[in-house]
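Encoded as C-alpha cells, the structure appears first; notes follow it.
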C-alpha cells in the first residue's frame, strides 16, 4: 500500500519484542554489482538490497549490455554476459537519480570502458553533489570526461577509450565514494596504477572497498604508505555466489528503538563491530555509551567514520539524560541534503536547544513540542530517524504526536521500513 504524503507515527505503548530481518547493505550491494560486472563469469549476489539506489545501478548495468536477473523474493541478483558490455555504437544514457554510489561507480566504470559514449545524469539534487575529485583523477589517467553544464558536476558525457594507468592523485575529502570508485576500476587500466590520496577520507568505507576487492580476487599494495595504493592491471574473479551482509546503517534504527520504547530486538545476521565489512556496525558502541553516561553529563561522539548513523542518534537526543555533542559531520552537508542544517532545523522545531557549527551539533534536551511535522528534504535518513523518535509515547495515551512528510523517500534504501515498524508495534500489543 502506498504511503501517504504525511504519515503520523503511532507510538509504542508497550516495549518492543521480536526480530527484524534487515535489508542487504546498500554500500555492499552496489559495490558488488560493479565488481561482478567486471568478472569474466556469472556471479550471483545473495542477500542483496532491493531499493531505488540498487535498482538504478541494475538498470544502468543492463543499459551497458550486461544481463542482471533480479529475484526480489529470494533477494538475489545474478550478473552475467560481461563480454557483451560496452558494445553499443550509439551513445548510452544512464540515469542515477540521487544514488551517490551508482553515480560515482558508474562514472568510473564508463571512463574505464574500452569504447563508447556515455551520458550520465541524475535528479536536480544529484547535480549539486561533488564529482570533481573523481573527474580530475580519471582525466589524469587519460579519460575524456566532459561536464556538459557545470564543471565538476553532473551531467557528464564520457567518450571512453580506457585508462592508461600510472601515477594519479585524488582529493576524496568530499566523499569516500570518489576514491572507492577509482580504486575499483584501476585494475582495468592498461598498466599498473598508483593512486595517491591528497585529502582526509572516511576510512571505514575505503576499507570496505579494499576488503571487497580482495574477496573478488584483486589485492591492493599500499606501496609503503597509508595514502598511496598500487594496483596491477588484471581481471576480477569472484566465487560464483557472494553473500551481502545485512545493512548496518539500517540496523541503527532498530538498535535505537529499544532505547526509545523499552524492550529488546534481535537482528539476525548482523555482524558485530569489527567482524564484517561495515564500519557503521560501531553504532551499537555509541548506544552503549549513551546508556552508561550519568544524568546531566555531556556526551560527545565523533561520527566522522560512521556519519550515516549520526541522524539516528541526533533525532532521539530530546529523550536522553543530558546534552549531546555530535562532531565529525561537516561532510554530510553535501549528501542527499545538508544534513547538519536540516537536523538542527527539525530539532529546534521540536523545541530543542541546538548549537550548530560547520561540523558539529550540540543538542540540549527540552520538553518536546507536540503536533509538529518533520520535513525530510527527500532524505531517507531523516524519515527513519525521526520515526524512531515518534515511537515514544510522549502523550501517554498512544496518540501520535509527530508526523513525517514524504515517508516514501525511504524507498531509496529501505522500502519496507514503515511496514516493519508497524508490524513490531502490533506485535508488542499482542505479547
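Heads up, the Cβ atoms here are built off N, Cα and C, so glycines get one too.
What you see is a predicted model, and the numbers here were worked out from it, not measured in a lab.
Same-site candidate for phosphoenolpyruvate binding, as annotated by Swiss-Prot with 26, 100, 129, 177, 381, 412, chosen from 63, 219, 339, 345: 339. Put simply, 412 is the one of the binding-site residues 129, 381, 412 whose Cα lies nearest to the Cα of residue 27 (3-phosphoshikimate binding site). Under the three-state DSSP scheme, residue 335 (3-phosphoshikimate binding site) falls in the coil class. Counting in whole angstrom, residue 335 (3-phosphoshikimate binding site) lies 7 from residue 129 (phosphoenolpyruvate binding site) by their C-alpha atoms. Nearest by CA distance to residue 176 (3-phosphoshikimate binding site), out of the binding-site residues 100, 129, 339, 381, 412, is 100. Rounded to the nearest whole angstrom, the C-alpha distance between residue 177 (phosphoenolpyruvate binding site) and residue 31 (3-phosphoshikimate binding site) is 10. Nearest in space to residue 339 (phosphoenolpyruvate binding site), taking C-alpha to C-alpha distance over the binding-site residues 31, 175, 308, is 308. Of 31, 175, 308, all annotated as binding-site residues, the residue with the shortest Cα distance to residue 129 (phosphoenolpyruvate binding site) is 175.
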